[in-house]
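J.: Input: one structure, supplied below.
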């Protein structure tokens, strides 16, 4: 219950940082204003002469007080150093400075508001600083800085408050009760300092629970700049910080604190309310006199300066001990800000929070040279799941993004370089806390019993025992994900199995697999998974198409492709944009059936081409889906074989599975009318899918799209760096005549497949369908009053594309679809998102055609690729497998 309340409080504070900060500052100013203008009008030293108590001030007391102040400042300095180890010393340092300053101001205002004097603040200041515990800020900041986005910052702050809030509250209560005992001592100085201490603890608690989380959330929100796909403030060594913070406080310690609190409450109650009140009254009278509240002792004087000048003079008047203290504070602040950057710049600086991948690779290789061989370490890993944590940390490979190990399973897919194959399972966080596994693998019979036990399962088995069961054929290797408690552990074990069978056991070292949502992959996208392949994603645009602008994501490893397409998009935009139309929409499936004789096949063909036969088949076909609607049948014969090409709309799905289901149902219905018909295959390559085919070029498949644009002569000259005449000439002789001479089918273009494939990979399409989807004819001609403008059109008859199903279910691919505004199914007009995506593909292809044809016409192609598309890595430094074998 308490954790839930603190979580709600943390979420509110992190979600409304401006409101909380402004509210805190406003409350502080209001309390100060009420004291200054509407509070007690008796101000000691300005308009009222307070009693002076003669006290002997020894030089030793001044020295002790100065030493105490210096110790307090050093304590704060070391607290900031520990806080800096979280990552950015600037972000957290500023937040910590805000916390200390606001705590001090709030304590001062509380003291003013309660009408207490400030004469004891000089002595109480060191104790105030010593009571500040920045480990609280450190713990909460760990939660915030382990986030991938601003929304996750809020969630993690709320989660941190739920875990740390009850502990903070209990600690503050115990501190107040313990320090409050000093207020009953009867010693004036001790009572004043203890009173300050209690107020400081309460002020710190208030600020840490409100001002600090709001400040951290606001600072991270304002630091929106990203680097390598992650927030600039996100640091790599926060990979397992949430797992560390999940450890609950020691329950024994918590019980002791609660018992202590109860005892102290009884002590306070007995001393203040139950004991004989007469001593209390005398003490109160003494306190009243000591604080200058007895009007018989005090007397009013005429102020010589204004009130603000009085306060200013008190602030700037300093003794020698105060000068020493401030000098030490200034020197430590300068050292902290300016002279401690070098030691943390490589890993903790905001400018470069993560080491370069190339440097990391070299460091990993160097470290490997100093350790035992990889195979030996792997064997050690298979025989033990509990190894030295230091050794585990030594074998880590630098990640691209921080890995957040969360207690709750989320559907977030983030890209993290996987640990090397030598990383033990304990480093993966796969074993639950409290489960102790044996060092040596147990017998197969015992392991099978544990695996089949509903209360235990695979989490009570080590990786070595799982591998042992796989090798003994008790567990199929392809079922590892379904049998393990997490999909990721199944992938990890499969990698371990595979690495022992490879010629180079460390081959999988840089193939990432960690922190990926495999639940979206299993049974939908891939089998026998050993990881995922990060591919760079660039953006071309804005593409001005049909009056709208699109930023087009392109996943590719070919240099110059995105840059070239981007130039084409710019030329189209400067020319007023492009226009597009979807001419046809229908996915196809072409099964093959066989009849006893060719004449029987001809009879079936004739029946299918009649309205009655088509209506029967359409009814059976349409009954299989609420989206699939049979449009037409294209039937042809080859001897006694009959090829039937079904064409149907499939909504926003690419539709191969949908139309296959309808085709199968229609064939069964057809078999009822012609019992001698034999169904050979639901796909007879008459579709045609993933193969060059004239039928797709002629009849179309998927979406048939045409796109056009007019590029002004000025844009052709200044952006494309060529002339309209040259581009038209090259297009005719290259794209038309050249492709015809090569016998191309649908390849009357410069490089449509480049753009299609890049968009397909980014948007979760079937990359193999670029074969048919890249069918395109690019036409160019001179236009305009002077025939100097360039008219260009691209016609693509077979774009096989969809926005639901398959790879579009993966979150990174969904992100790219969301960039284009076509993610998921269109509720208002089913199929519109897929058609719009096909238009974008065609428009982007036209942009790519423009730029490449201009480069060819101007003779810039080879030059640009020699400059921008050549790797700068020195291959002589990289020894391949063949080199090692030869050596």
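Cβ coordinates come from backbone N, Cα and C, glycine included.
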J.: Indicate yes or no: per Swiss-Prot, are residue 9 and residue 190 on the same side of the membrane.
T.: no
J.: If you check Swiss-Prot, which of 623, 774, 871 turns up marked as phosphoserine?
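T.: Record lookup, Swiss-Prot, feature phosphoserine, residue 871.
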J.: Match it up for me: which of 71-74, 75-78, 79-82 does Swiss-Prot list as motif 'INSIG-binding motif'?
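T.: Going through 71-74, 75-78, 79-82 one by one, Swiss-Prot gives motif 'INSIG-binding motif' for 75-78.
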J.: Say a student had to find the N-linked glycosylation site annotation in Swiss-Prot: which of 281, 869 would be the correct pick?
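T.: Per Swiss-Prot, the residue annotated as N-linked glycosylation site is 281.
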J.: What is the number of residues in the topological domain 'Cytoplasmic' (1-9) that are helix, strand and coil, as DSSP sees it?
T.: 8 helix, 0 strand, 1 coil
J.: Could you give the residue numbers and ranges of same-chain residues that sit at least 6 residues beyond the topological domain 'Cytoplasmic' (1-9) on either side and whose C-beta is under 8 angstroms from one of its C-beta atoms?
T.: 158-159, 161-163, 165-166, 209
J.: Sequence-remote contacts (6 or more beyond its ends) of the topological domain 'Cytoplasmic' (150-159), Cβ cut-off under 8 Å?
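T.: Same-chain residues near the topological domain 'Cytoplasmic' (150-159) but 6 or more away: 7-8, 10-11, 13-15, 140, 143-144, 213, 216-217, 220-221, 224, 242.
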